[in-house]
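Summarising the annotation, TrEMBL assigns compositional bias 'Acidic residues' to 13-24. Under the heading domain 'Anoctamin dimerisation', TrEMBL lists 83-306. Annotated domain 'Anoctamin transmembrane' per TrEMBL: 309-892, in sequence order. If you look up TrEMBL, you'll see 320-347, 398-418, 481-508, 528-549, 576-594, 693-719, 743-767, 847-868 marked as transmembrane segment.
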Amino acid sequence: MQMMTRDVLLEMDQEEEDDDDGDIGDVPASRRPFLTPHTLHSSSRVLENLEQTVVSSFGTLESQPDFQTPEFEEFNGKPDSLFFNDGQRRIDFVLVYEDESRKETNKKGSNEKQRRKRRAYESNLICGGLQLEATRSILDDKLVFVKVHAPWEVLCMYAEIMHIKLPLKPNDLKTRTSAFGNFSWFTKVLQVDESIIKPEQEFFTAPFEKNRMNDFYIQDRDTFFNPATRSRIVYFILCRIKYQVRDNVKKFGINKLVSSGIYKAAFPLHDCNFSHKSEDLSCPNERYLLYREWAHPRSIYKKQPLDLIRKYYGEKIGIYFAWLGYYTQMLLLAAVVGVACFLYGYVNQNNCTWSKEVCHPDIGGKIIMCPQCDRLCPFWKLNITCESSKKLCIFDSFGTLVFAVFMGVWVTLFLEFWKRRQAELEYEWDTVELQQEEQARPEYEARCTHVVINEITQEEERVPFTTWGKCIRIALCASAVLFWILLIIASVIGIIVYRLSVFIVFSAKLPKNFNGTDPIQKYLTPQTATSITASLISFIIIMILNTIYEKVAIMITNFELPRTQTDYENSLTMKMFLFQFVNYYSSCFYIAFFKGKFVGYPGDPVYWLGKYRNEECDPGGCLLELTTQLTIIMGGKAIWNNIQEVLLPWVKNLIGRCRTVSRAEKIAPRWEQDYHLQPMGKLGLFYEYLEMIIQFGFVTLFVASFPLAPLLALVNNILEIRVDAWKMTTQYRRMVPEKAQDIGAWQPIMQGIAILAVVTNAMIIAFTSDMIPRLVYYWSFSVPPYGDHTHYTMEGYINNTLSYFNIADFKNRSKGNPYSGLEKHTTCRYRDFRYPPGHPQEYKHNIYYWHVIAAKLAFIIVMEHIIYSVKFFISYAIPDVSKSTKSKIKREKYLTQKLLHENHLKDVTKNMGVIAERMVEVVDNNLRPKLE
């Protein structure tokens, strides 16, 4: 087939221009090439030549445009067909639009403009070499499906432009051995059945070049480009074809046409129905195999078929599921250790001496605690916190310290071993040199109007804005992100004010005397009620702010205008995660490191905003409240995400099926079945990554307060893998396959979290839990010279850690709700280490306080240095790329270059031989007449 060299653009008057298209892609044609040669590869020259070839013939198009339209064909009654009606040309992409002539609307002018734009776009697709076939919908006669096919010549040309790696020869180097070879009888149960999903043949690959086509492993032109590669090439073309010119300004791209409503959808086809095989014997039925061996609940225990996922959906989705599966495997070890630490605390909770003292009627029952607010709060007995102190013994134990140290090492092992696994996937999936292949985004190319001199090549190239303009954009984007972060901090302050206000109400309304026969009263204390309600409100605010900021972050990133899709996603990732970090973790940081730390003492409390008295922790500390906060946020987030990911797409598809139930007896073709599925969304897997990274933060940053967090994450991830697989294979249209070398900006984000986790866990143990004060009491203050016991013990710990306050010294005495029987008491107790009334330094911090502070600081320094030293050693000892993978990469590169060089030498030798024979013939023909 010969490439058509005519391009049709639609000339429209300024007054006819509608406002639906936005301004992405609106660039003076005289100032922008078809594709900006930003990367200095040979393909850039190809694109320039293509621009001259395609665009030179249409001029200003002041005359009536000569549209070429797709052929209309009736549905041939084959619902599983993936080809045009001729059964030869494969459908690589589908465009869907609503026929304006059958719309029930009075906007005739708008409909006509949309129709003309679409006709111009389709005409240019045909002129660009693509083949189109249109078919009207079976279920809704207003819909028209335009099927797109890329011929061999087009695929070859764009494969070279896009630097797509294609097979040279079969590869016999890749021999993957299992680390559990001795347990093959066990791992075989977990593996995917190779008789069902056959292993893919491995090849040596190289970037495709048309002039070296004979070097590539082309046995069949119809299968040389697999469906995923074909769809990727066609989508690349669709994003760059123009459809309108006005005042020398061109508009282009399928994304813009879909967003403006000119097309309803654009997507590649699934190869078959997920529930049964295709009737077409040539169909590989990969969607059916993925559903059966990957997405179905009965395969929940099996490993993922990563090679088939990568083949069907592309490397970008493949690397996500590979990372999620590896993360889940590593969580198994963390979950086992976490459960062991939890059971250790649970078994030993009855041996918790300080909890027994709180619950004892002659100790905790006789200790009168000072009011925790100024007016309505009463005096209260310590033993009303009996149940919470028992629960606190489970989490605030020696096992928690061991688990925090273990998690500091675990997260380093996970990141280092993932780097090695990622390097293996880069080699196996041919993405080692991906950065050299990636093309600029169409939105970036559209803005390349400024000409600058490249410092390296000293040649002219086009960029979207000057250095000064780039600085302005960065400043504006940073200011917008900072504003939203400050907004989150303001919401956190609002939650704190709520805590302070509602605690007064709960203190006044809830019972003030402990009654052991009342089961509800044992658990519903003012502190517990305040903590639970504040956590729920905080979760709701988090969800609301997330919904708003997502749109804001996308707008900021679009304004920033990154060059490639990878740069775009990395920029958006950093903005979103920075926001989410503050949004999700701020309340946890407040409870862990600020609540109860700056409260003063009853006679001289510290006030928020001059009005609200600072919150105090329970006598056992704020660790249990932090655990409650983590449980509510992690659990609520998991439930909310599952509702969004599973329930909403299922309900939408169910509603769509109900609308067409009256025509259910009609057989719908493959493209119409896929159209009624849900679109994946512009950002694809971004939200899946974000969900897992936020969970990763909960598992690592605050694990010292909740050892069961890895177990909850493990259960959630096992379900998450299958839920994501189920919705992608059954509820969503097929995504456009994309290349990806790694998990992008998420890798440095996880490394930053791992470093921060060491500090947060050390500070939680030191400042949030009561472990350090208990150790100081046990080793120093339970025996002389400070204590009265003859041996080391925890007895008397509660009495020693609660200071005395003279009720007569209250500045504003509690009125209206005095504690019954208070006339017998002249003092109350509060949580602090201060000298008692009557002491020369009354209400000043005592020697116990300074011992505890010194011990806390020493513990943080020692723990951080030990864990950081171990992390550094592990990072140094474990290389990012294994020795075998490095050897395979070098070996393959060597053999590939050798193969190409030998083939090139053969061609040169052959050509030289032909030239030599012709020269001999010429010389012989010239000399023969003279001799005669």
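Numbering starts at 1 and runs along the chain as displayed.
Cβ coordinates come from backbone N, Cα and C, glycine included.
TrEMBL does not curate its annotations; it predicts them automatically.
Since the structure is predicted, the reported quantities are computational estimates derived from the model, not experimental observations.
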Recorded stretch that, among 398-418, 481-508, 576-594, 743-767, 847-868, has the most CB pairs under 8 Å to the transmembrane segment (693-719): 743-767
Long-range Cβ neighbours of the transmembrane segment (847-868) (under 8 Å; 6 or more residues past either end): 404-405, 408-409, 758-759, 762-763, 765-767, 772-773, 775-777, 780-781, 786, 800-801, 832-834
Beyond the flanks of the transmembrane segment (743-767) by 6 or more, those residues with Cβ under 8 Å of it: 319-320, 323, 400-401, 404, 407-408, 411-412, 415, 419, 422, 566, 569-570, 573-574, 577, 592-593, 597, 623, 626, 689, 693, 696-697, 700-705, 856-857, 859-860, 863-864, 867-868, 871
Intrachain residues whose Cβ lies under 8 Å of the transmembrane segment (481-508), provided they are six or more past its termini: 371-373, 375-378, 526-527, 529-530, 533-534, 537-538, 541, 545, 549, 552-553, 556, 575, 578-579, 582-583, 586-587, 590, 608-609, 612-615, 817
Long-range Cβ neighbours of the transmembrane segment (320-347) (under 8 Å; 6 or more residues past either end): 303-304, 306, 309, 393-400, 402-403, 406-407, 410, 413-414, 417-418, 421-422, 425, 685, 688-689, 692, 696, 699, 703, 707-711, 713-714, 717-718, 720-721, 724-725, 743
Overall pLDDT for the domain 'Anoctamin dimerisation' (83-306), taken as the rounded mean: 84
